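Student: Quick one: the structure is below, and I'll ask about it shortly.
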Amino acid sequence: MSNLSCAAPDVLERLDSFNMKLSQFVDLLAIILAFFASYFAIKIVINQSFFELSTKILLLQNLFYTNLYQISYGIEAIGMLYRGFFMLSEPCSILQSETSCAPYFKVLMIGTSGMIFGQTGLLIERAFATFATTYKTKKSVYIGVCISLIVLVCSTSSGFIILWDDPLEGWTIGCFAVSKSVVPRFNLFSILSTVLTLFNLIVSIFIQRYNKRFEFETRFKVGARFQKQELIESTGAICFLALSQFLWMFMYSFGILILRIIREDILPSTFYFWIAWCYTMPFIALMFPVLLIYRIRKTRARRTEKMKGITTEKQTQDDHIKQINAMWT
């Protein structure tokens, strides 16, 4: 076996470090919690949520990508721990070939990009729900299916694009690692992903404010006002998820980028210490079902109280005009 396939001393030190093992255990804990949270999130989305059918389709697709990522990364985390505990005496058996890792890396990228593109798909669907003159069940399903297919194509192609011309001739510590020949392309993907999550956040806030602005147009029509409030609440939940994803994604991409820039100026041990904790994708995958459950339950409770207020509230026309004027100032 060639020397290229044998782990260097710094790789062995990294695998043997307490920081690496702790970070992998934390990631595995996040993965396990994500599985349980996803189970309850799926039940709530299907049976108890206030979302339109198109939104449910996309939320379930996002939950699929969440678990696809967690499963693929969880397998690799277990492998890292196994090599760190039991294979340090076999340095020429630790590394994995980039050729064998390529299919696994592509699956990992499908899950990663699927979570990001899926959030964009949710916001596009919310835009349709907000600005379309009619958004009936049949139209909602058609839009949801079309957007989900676009997300599927984009997420599936991401891994293939990153590895497009990679010769895959090297060896790596784990299949989640990117070979040197495609690092610039992967860095570009990370930056674009952060920009996209920022775009998602801005669009979600714009849609939310747009809905709030016209909330009182139907003040004296209980049914129409309820539909408008339902739209605001469902969009608010998606906006909340977009904010969470942006914060974690910014921490990931910005942290990794800074570490790569200063890598030559710091010790390898310092670089690997921080890069283990900047990799926040397992927490992005965990927070999606957890926050989804939280928002649905909180909104349902608040919605019940608001419905009581809508049906019992008495307001004069002058009060209504004053409220509209205050809203526009």
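A Cβ is built for glycine as well, from the same backbone N, Cα and C atoms used for every other residue.
Pasting the feature list from Swiss-Prot:
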- 26-46: transmembrane segment (TRANSMEM)
- 68-88: transmembrane segment (TRANSMEM)
- 104-124: transmembrane segment (TRANSMEM)
- 143-163: transmembrane segment (TRANSMEM)
- 187-207: transmembrane segment (TRANSMEM)
- 238-258: transmembrane segment (TRANSMEM)
- 273-293: transmembrane segment (TRANSMEM)
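Distances, neighbours, how buried they are, the whole picture for these features please.
Tutor: Residues 55, 58-59, 61-62, 64-66, 68-70, 72-73, 76, 147-148, 150-152, 154-156, 158-160, 162-163, 175-176, 178, 189, 193, 196-197, 199-200, 203-204, 207, 238, 241-242, 245, 249, 281, 284-285, 288 of the same chain lie 6+ residues outside the transmembrane segment (104-124) yet bring a C-beta within less than 8 angstroms of a C-beta in it.
Long-range Cβ contacts of the transmembrane segment (187-207) within its own chain (Cβ-Cβ under 8 Å, at least 6 residues beyond either end) map to 113, 116-117, 119-120, 123, 126-127, 130, 158, 162, 235, 238-239, 242-243, 245-246, 249-250, 252-254, 256-257, 260.
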Student: Checking distant contacts: for the transmembrane segment (68-88), what same-chain residues at least six beyond its ends satisfy Cβ-Cβ under 8 A?
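Tutor: Residues 12, 15-16, 20-21, 24-25, 27-28, 30-31, 34-35, 94, 104, 107-108, 110-112, 114-115, 173-176, 281-282, 285-286 contact the transmembrane segment (68-88) from elsewhere in the chain.
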